[in-house]
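In what follows, a structure is listed as structure tokens, so that the remarks can point back to it.
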Amino acid sequence: MSEKEELPLTLTSIGAATATSDYHQRVGSSGEGISSSSSDVDPRFMQNSPTGLMISQSSSMCTVPPGMAATPPISSGSGLSQQLNNSSSSKLCQVEGCQKGARDASGRCISHGGGRRCQKPDCQKGAEGKTVYCKAHGGGRRCEYLGCTKGAEGSTDFCIAHGGGRRCNHEDCTRSAWGRTEFCVKHGGGARCKTYGCGKSASGPLPFCRAHGGGKKCSHEDCTGFARGRSGLCLMHGGGKRCQRENCTKSAEGLSGLCISHGGGRRCQSIGCTKGAKGSKMFCKACITKRPLTIDGGGNMGGVTTGDALNYLKAVKDKFEDSEKYDTFLEVLNDCKHQGVDTSGVIARLKDLFKGHDDLLLGFNTYLSKEYQITILPEDDFPIDFLDKVEGPYEMTYQQAQTVQANANMQPQTEYPSSSAVQSFSSGQPQIPTSAPDSSLLAKSNTSGITIIEHMSQQPLNVDKQVNDGYNWQKYGQKKVKGSKFPLSYYKCTYLGCPSKRKVERSLDGQVAEIVYKDRHNHEPPNQGKDGSTTYLSGSSTHINCMSSELTASQFSSNKTKIEQQEAASLATTIEYMSEASDNEEDSNGETSEGEKDEDEPEPKRRITEVQVSELADASDRTVREPRVIFQTTSEVDNLDDGYRWRKYGQKVVKGNPYPRFSSSKDYDVVIRYGRADISNEDFISHLRASLCRRGISVYEKFNEVDALPKCRVLIIVLTSTYVPSNLLNILEHQHTEDRVVYPIFYRLSPYDFVCNSKNYERFYLQDEPKKWQAALKEITQMPGYTLTDKSESELIDEIVRDALKVLCSADKVNMIGMDMQVEEILSLLCIESLDVRSIGIWGTVGIGKTTIAEEIFRKISVQYETCVVLKDLHKEVEVKGHDAVRENFLSEVLEVEPHVIRISDIKTSFLRSRLQRKRILVILDDVNDYRDVDTFLGTLNYFGPGSRIIMTSRNRRVFVLCKIDHVYEVKPLDIPKSLLLLDRGTCQIVLSPEVYKTLSLELVKFSNGNPQVLQFLSSIDREWNKLSQEVKTTSPIYIPGIFEKSCCGLDDNERGIFLDIACFFNRIDKDNVAMLLDGCGFSAHVGFRGLVDKSLLTISQHNLVDMLSFIQATGREIVRQESADRPGDRSRLWNADYIRHVFINDTGTSAIEGIFLDMLNLKFDANPNVFEKMCNLRLLKLYCSKAEEKHGVSFPQGLEYLPSKLRLLHWEYYPLSSLPKSFNPENLVELNLPSSCAKKLWKGKKARFCTTNSSLEKLKKMRLSYSDQLTKIPRLSSATNLEHIDLEGCNSLLSLSQSISYLKKLVFLNLKGCSKLENIPSMVDLESLEVLNLSGCSKLGNFPEISPNVKELYMGGTMIQEIPSSIKNLVLLEKLDLENSRHLKNLPTSIYKLKHLETLNLSGCISLERFPDSSRRMKCLRFLDLSRTDIKELPSSISYLTALDELLFVDSRRNSPVVTNPNANSTELMPSESSKLEILGTPADNEVVVGGTVEKTRGIERTPTILVKSREYLIPDDVVAVGGDIKGLRPPVLQLQPAMKLSHIPRGSTWDFVTHFAPPETVAPPSSSSEAREEEVETEETGAMFIPLGDKETCSFTVNKGDSSRTISNTSPIYASEGSFITCWQKGQLLGRGSLGSVYEGISADGDFFAFKEVSLLDQGSQAHEWIQQVEGGIALLSQLQHQNIVRYRGTTKDESNLYIFLELVTQGSLRKLYQRNQLGDSVVSLYTRQILDGLKYLHDKGFIHRNIKCANVLVDANGTVKLADFGLAKVMSLWRTPYWNWMAPEVILNPKDYDGYGTPADIWSLGCTVLEMLTGQIPYSDLEIGTALYNIGTGKLPKIPDILSLDARDFILTCLKVNPEERPTAAELLNHPFVNMPLPSSGSGSVSSLLRG
């Protein structure tokens, strides 16, 4: 019942009658009252009803009280009192519990309403209770507003305060207002504002409050709609939408999607077009991209600007042979640009410029055709073949078309319709055309494929239409606006290029209908006259003159492909209805107008069978006639398939765009074919389609019979007893050639019945051979399919979906280069078989391939899950739609319901849990970059059923932590070979040679760091690779799509500022220094570092450097560049020298500049004194020179007046002024760095006093003024309370140091090295934080200063100090004491032994020092002791207590010999009750003395300090004597020679001479000369081992006992001692190391000669032992002939039953590997070693030997730094997999492991490159890879990682050695000329190589 029919509530005479209140009548009303949609009302007033209706909580019935007699209705009039009196009685009040008497017929007392009437006008009912209204009008009811207890007002459900009694304010609405609002429910009352975060009530019909636009009218002209949001505009005019232009935040204007500044609200300037302009152009998108635009004398040109011409002109600069003409062109166009010449003027200039340059005109036309589909033609004659070269449609004038025809030697075939014909077209009467011309309509055609149309003269239109006054009138709402002027004449030429489609376009004013002929086989249209001049339309007598001349195929040979690809069209003549409805058709880009339904499937086609032209107005008004289209029956319309979309607009049907042709790529996943009339239950098809769609499968459902099928992976054919596809033969014929699976479904019949009922399908093959059809029917029954007879349809559908998913998931995977391994690793983490709910996070930088990997995983495993949900670009979706909407969409997909059914506020947790716990779900959340994006999902994910998996991708690792993801997988970048696959050479192959291309490719790959998105961008960029390579090297700003937009996405202000600072200034700088500066700038550095690392934008290297990938750094710099592309002075950060120079010289700096880093190399210019005055926000200033030897820079001839007070960093090398500016306030300065400056004082006069007395230096932490030669003193630093670092090295004019330095409690580092005029040092006892103090070179410093006890490193070399006070013992934390070249130092206190933490003591050059203190105390930590060039003549006995000593240098200053060192690298604590004491033993008779000692037993290893003796400048191998070892018992005090052995001459100054001279006399005993004494001595030895002499036979056996084992030794080849004598007997010593062939031990002969031998087990060789021994012995025989200073000499072999022994020269310093493990090797040391290795390799290669095993472990070092190649030549007889040599193997060795003749000396060069890399980095190449991966990488040519921190020469040397092609590697002789090998050595004062060993 409607509102107008509502009646007041009355009591009927029926006993229990009920009546519905006014309010509840509205609830029950279907069309009015309160809406049944829950979205229109406040949820607080909703109850849990299944329909979602709002049910009132008050009673909806009014019932007569019990016991009350039924009475007739109370009526008005004079009989009212009588009725009441008659009904009154002595009855009690009917209210329960009331004992009062009833007042009247109401049955109630006065207190309960008896006797009182309702106060509602015209209401005669009794009041209810104590209220003044009856029950129907609110009496007795309470306000339903939440929490309100007042009575309802009137017939409403609310009190007066909450809307009761008030009416809706919406226009003529008479409903009651809802709640506190001024509107009813229908018009917004009770609803909440939908603005995110707003909780106010909606105001007006839209769900927005007044603050957000509710109730406001649109402010756009005469619009009557309601405003949306805060915009003040309705949705039609852009309200609630933002401008789509990037970085624009203004509201969109109208439907354009753009603000007014970017084109919104403006109309297209094309004649006849009423659409809005697109962007900043003057035309809509359709006029720019859909049809060609006009260029004529009227100046109507579509969007071509002077800038377009300038861009093209600059691009073709090289094509101008005359540079002056190019300059003229450029000057003309620039004048046009600056003078603001209009479009017509620009066109005129362009035509003049391109005269005589047809090639440039053609190129410019091609450029414009691609951008705007516009073509400019010259005014004069032009070649006929020009039209064939122009791409796309073009336009020309009528005169130009005549020129084309004349050049083609053709006469135009012209038909001129008479005026009567035109009149007949207007009136609709049939007329026969004549040949008389009419000026109102001119149509010409020719056979050259060009159609020329001249518009009719402008005709006046009706007022409702368009006024024809020569201007384009546009209608906007109720207003008409005068537009642009029509051109006086317009000729349009369309180059169609297809003989099957001839088109005549209507005139721009819409007065001519468009006629289209479609003929697949070039047949004549139906009902066409034989003369070809007139076409009569079917069903109508109306005729229109048109062109029917056929176009020859030869004229369109270039378009042959297009002709073949055209779809067959039905042979009919159609007319396009050109009306305003065409504006609603879809544009070519797929956009649809508002309100139009965007359908996935094409609508049914409709055939036009009759065209009638109806008269719209009287003919005398000269109005236009519109064609009205009439159709046949629906069945015939449905069967129409002419390739075009037909849309219905009211009663009209309009021909739309053609259907898209199916491309060669897959268009659909599944196509379903069925007969619509044959399926009795259409629900089966709909359920099947819905099930497929829920699994993310694209489905094309087709019941019409068409020949062409879209490409698909699965084709489902539903076969019935009466249906089979008409193209079944075609389907089966292409079944084996197409990648498609066909599944037949036999619907309600078996396959047997299907074949038996073949007679029912005769109608399909009446025209074909029955045998083929019978075979086809039989074949389809044998194909895998489904039969639906008694089976449940739901089960069958599930089975079909599963099989379809298997087929789709087995499709060809995307070519993911380098991702397969990572996909498998993630799948192993997912553990699909497990039943737990597991989540995986995929983490990596932007563009690394996270989404691609997730999609591939989804493709692989989605078939195993019941429900799969993929949310792509989740962060963006949340930003656009909001959290609630995204979660509702997510739940709708998981629960498989429609999105509008789910409401977050309505759904219950228990319902979710119960539904989801029964599902096995796969969820992929892509691009989750904020925890808040998935915060609402987290609880839902916990409800998933067993076996569910959640995969989340993000750039932010912290998201995974907050979301409590089980496993996080970091995506790895591509390696070099796979990265190179993504780079496309393109045109570079023509220009670049393979070598140059390879070099550039590697540079680009290094820049990309294996990021696929960056590599794809670099491969597609159109810049030359040479220029691009230079940009990459200098990390210039580069815009990388996708990377640029997402780099700063999600960064807060702190992280963004740190990110840009590092990208521009601080990349690969020490983290602590960067953090110090950033903290001083107000950033939270460590928090920002952590955030950037989590977001994959930054890494912290193992050397504590902040490291940013090159492409991310380039992107960050591009962000800064785009702050102001044209004005560098408006950017926040400057680092480019050219830009900075421009800013300095032209004084264009602004307050926007925050940082300047200028490399002054090759720069020299003058700047004005106030160059920094405008840069008030400058906080980082660094002027430096990258090459120290080049001194250039900025000079200030007039001085410097200003520096910004906000500076945190002032780094200025070669500062040219004597002091800082007076106006400079350093209150914010964190680092002051002025090395090599001309400053004499930092501040002058009052400024100096101000800085020292105030807290202006409170933030200063680092001050460096090194090598400032003119600096005489530094100011007081008492205010710099946070100063931590002071560097005054090289300030040789500095006279004194201020006493204020003692107040610097936080000072850690103080360097005064080279301050030669400094005499006194203030007390530093109170510097409690001081750790490093360097006073070296303070040559006038004579007193030992008072130093803080916390100092760890003290350098005092080169001073005048004579003695070290005993108070040095107070420096309990001292680790290093350097007193080198302290020539006046005479003695050291014994208290020096109390320095328990001292590790290094350098006394080299202390020539006055005569003795080293002797003490029984142990210095357990001392590892290095340098006593060279001192006057110490004898080592104290306490030297043996230095148990941790690794190296001891000792030189006799009088005789310049010898040096004593201890090379052991490691030491451990002595076991209890064990001791170690060094002893020196010898024989004074013949000076044969050895250094001996007891064995030191330690935990885990056995070690004995070894003393190496150097006798001259070079090292003689025979002079090396080693001590100790794994020999049981003590060695004899004197090792004697056998009488038969040859005794070599002992030169003076040799080892023996040295030990004899320095050893204590008591340790030297006379030797025994008789053999008997020697034998007796040996027999009484307690070692358990015996020296057994070998006889004269070839072999001899002897036994060596060691524990419980014994073995017999037999000599197989002569073993030579160091002096050429035979070794007749020997003893095994300590283990030196283990190699690939066996273990290496120290050996000692009976004559005291030490050597090394390799013990190789013969048992490992099996049955091939004998053959293998022969090969080894033959190799050793050859190797023993080699004599070179850089090659370890082989001395011979011997063997026993189980082992082979190979004897070699003993080199005692150890291998290069042990050396770099102990010390970091510098470039100069590695260069020295490399040159010696090359010397040895050259010698070997010249002799025809190949080392085959070059690595640091096989390169031994002597005490003087001489290297010797060892362990070579034997790799040939070893298996590849048995040796760990693969880290250094060359690719050809990997590829041919057993073909030793397949590679040669270049293999050694590759190994040498790896060895040099190992020495420089301290890491074995490929050590981070497994052996299989490493071998694969080497075999494929992937180089090991080469750090960027290496020098250029070192990198070049390594890359030169690591050429993949062996033929490209240089020889060892060629490498000896490389700059890296010839690097000069550092100076060494002592002449010792120990300094080199320390690097």
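Cβ coordinates come from backbone N, Cα and C, glycine included.
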Among 1452-1473, 1562-1583, Swiss-Prot marks as region 'Disordered' the stretch 1562-1583
Other parts of the chain folded back onto the repeat 'LRR 1' (1206-1227), taken as Cβ under 8 Å at six or more residues beyond its ends | 1077, 1080-1081, 1160, 1176-1185, 1191, 1193-1196, 1199-1200, 1233-1245, 1247, 1251, 1255-1260, 1270
Mean of the pLDDT scores, which run from 0 to 100, over the repeat 'LRR 1' (1206-1227) | 91
Just counting, how many other CB atoms are there within 10 A of the CB of Asp1758 (active site)?
-> 21
Summary of DSSP states over the repeat 'LRR 1' (1206-1227), given as helix, strand and coil counts | 2 helix, 4 strand, 16 coil
DSSP helix, strand and coil counts for the repeat 'LRR 9' (1397-1419)?
-> 0 helix, 3 strand, 20 coil
Reduced to three states, what secondary structure does DSSP give Asp1758 (active site)?
-> coil
